[in-house]
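Trainee: Could you have a look at this structure, given as structure tokens, before my questions?
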Amino acid sequence: MKTRIFVAGHNGMVGSAIVRQLMKRDNVEVITRSRQELNLLDQAAVNAFFATANIDQVYLAAAKVGGIHANNTYPADFIYENLMMECNIIHAAHQHDVQHLLFLGSSCIYPKLATQPMKENALLTDTLEATNEPYAIAKIAGIKLCESYNRQHGRDYRSVMPTNLYGENDNFHPENSHVIPALMRRFHEAKLNGDAEVVVWGTGKPMREFLHVDDMAAASVHVMELDAKTYQANTEPMLSHINVGTGVDCTIREMAETMAKVVGYEGKLVFDSSKPDGTPRKLMDVSRLAALGWRYRIGLEQGLASTYQWFLDNQDNFRQ
Ligand code: GDP
């Protein structure tokens, strides 16, 4: 019998990468539902889905996500939609006896000024970054939902916290996207227009760690498939989430310079310090994941190059 795996959020960047990863297996049946078929904000609809779909495992990759500007502008959407989707899916999965679930969070769950690199136990030790606090609170709630169903009901619900992700199927909206797709598009258009300069938000000094989404998908499947003993031996009882990243970061300026090289833009970079920098640094401590046998494969320049190729091939239908 094939394992029936529901990937929630399969049209998104991470969900689609997880589906590609799972499709490589032949003992798996991947179940997906489009937004039109199943509104994850609707508790009754989610319940009805789980009541009949006979699901063995869930990858919870559905989320309302966005960059620094979107988080700052639509805080209600970010906290409401994420909390609702997490509650609906995790509770319905439990009610319909799904034993295995993987929840995808974010590195912004950690305090704004957490000691770097950030260990899993930095969670809830200090104040969050203000620009994305509502989103972070929802993601922290997701981790705590998983832990609570494990404690009270003996479920095996795991959580992975990715660093900043990028890759194919990203959102290329000029304002609401994350820095990599935003700059890829801006540099590309500047190259076509022959513009002398391109604006990069903030001071260029914040440091970020970037992980290609195919690596994230591989790590997600790796963590989901660890046997329970190995997983539990590596996590403290009240700390069930695992960081996923490269353990390497760079400044926004350095990333922008690499991006300009990849895109072939030769003009000047101008930094607009009236735009927010966000948290100064958020480098993951990935030693726990390394001890569980996983390491990233795709370096930043290589990942930017393949993402740019995807961008060129999909210019008419990318999300924005
Ligand atoms: P964050 O990691 O949650 O802050 O997510 P972002 O990817 O939105 O931003 C990362 C950093 O890149 C921040 O310091 C931004 O100010 C900076 N940045 C520079 N240019 C841009 C841009 O065009 N869009 C976005 N979203 N961020 C930018």
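Note that Cβ sites are derived from N, Cα and C of the backbone, with glycine treated the same way.
Checked TrEMBL, it gives:
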{"type": "ACT_SITE", "residues": "TYR135", "note": "active site, proton donor/acceptor"}
{"type": "BINDING", "residues": "9-15, 104-107, LYS139, 162-165, HIS178", "note": "NADP(+) binding site"}
{"type": "BINDING", "residues": "ARG186, TRP201, ARG208, ASP277", "note": "substrate binding site"}
{"type": "DOMAIN", "residues": "5-227", "note": "domain 'NAD-dependent epimerase/dehydratase'"}
{"type": "SITE", "residues": "SER106", "note": "site 'Important for catalytic activity'"}
{"type": "SITE", "residues": "CYS108", "note": "site 'Important for catalytic activity'"}
Trainee: Please state how far apart, in Å and to a whole number, the two most distant Cα atoms are among ARG186, TRP201, ARG208, ASP277, the recorded substrate-binding residues.
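Mentor: About 19 Å separates the two most distant Cα atoms.
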Trainee: Report, in whole Å, the straight Cα-to-Cα distance of ASP277 (substrate binding site) from GLY15 (NADP(+) binding site).
Mentor: 28
Trainee: How many whole Å apart are the CA atoms of PRO162 (NADP(+) binding site) and TRP201 (substrate binding site)?
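Mentor: It is 23 Å, counting Cα to Cα.
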Trainee: Looking only at Cβ atoms, how many others are within 10 Å of the one on TYR135 (active site, proton donor/acceptor)?
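Mentor: There are 27 such Cβ atoms around TYR135 (active site, proton donor/acceptor).
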Trainee: For a Cβ distance below 6 Å to any atom of ligand 1, name the recorded positions from GLY12, GLY15, TYR135, PRO162, TRP201, ASP277 that qualify, or say none.
Mentor: TRP201, ASP277
Trainee: Could you measure between TRP201 (substrate binding site) and CYS108 (site 'Important for catalytic activity') for me? Cα positions, answer in whole angstrom.
Mentor: 19
Trainee: To the nearest Å, how far is the Cα of TYR135 (active site, proton donor/acceptor) from the Cα of CYS108 (site 'Important for catalytic activity')?
Mentor: 8
Trainee: How many neighbouring Cβ atoms, not counting its own, are there within 10 Å of the Cβ of ARG186 (substrate binding site)?
Mentor: 20
Trainee: How many Å separate the Cα atoms of ASP277 (substrate binding site) and CYS108 (site 'Important for catalytic activity')?
Mentor: 14
Trainee: On the three-state reduction of DSSP, what should I expect for ARG186 (substrate binding site)?
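Mentor: For ARG186 (substrate binding site) - judged by DSSP and reduced to three states - the answer is helix.
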Trainee: What is the average pLDDT across the domain 'NAD-dependent epimerase/dehydratase' (5-227)?
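Mentor: Mean pLDDT across the domain 'NAD-dependent epimerase/dehydratase' (5-227) comes out at 96.
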Trainee: Within the chain of CYS108 (site 'Important for catalytic activity'), which residues six or more apart in sequence place their C-beta under 8 angstroms from its C-beta?
Mentor: LEU128, GLU129, ASN132, TYR135, ALA136, LYS139, THR279, LYS282
Trainee: Rounded to an integer, what is the Cα-Cα distance in Å between SER106 (NADP(+) binding site) and ARG186 (substrate binding site)?
Mentor: 25
Trainee: Test of understanding: give the count of other CB atoms lying within 10 angstroms of the CB of LEU165 (NADP(+) binding site).
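Mentor: Result for LEU165 (NADP(+) binding site): 25 other Cβ atoms within 10 Å.
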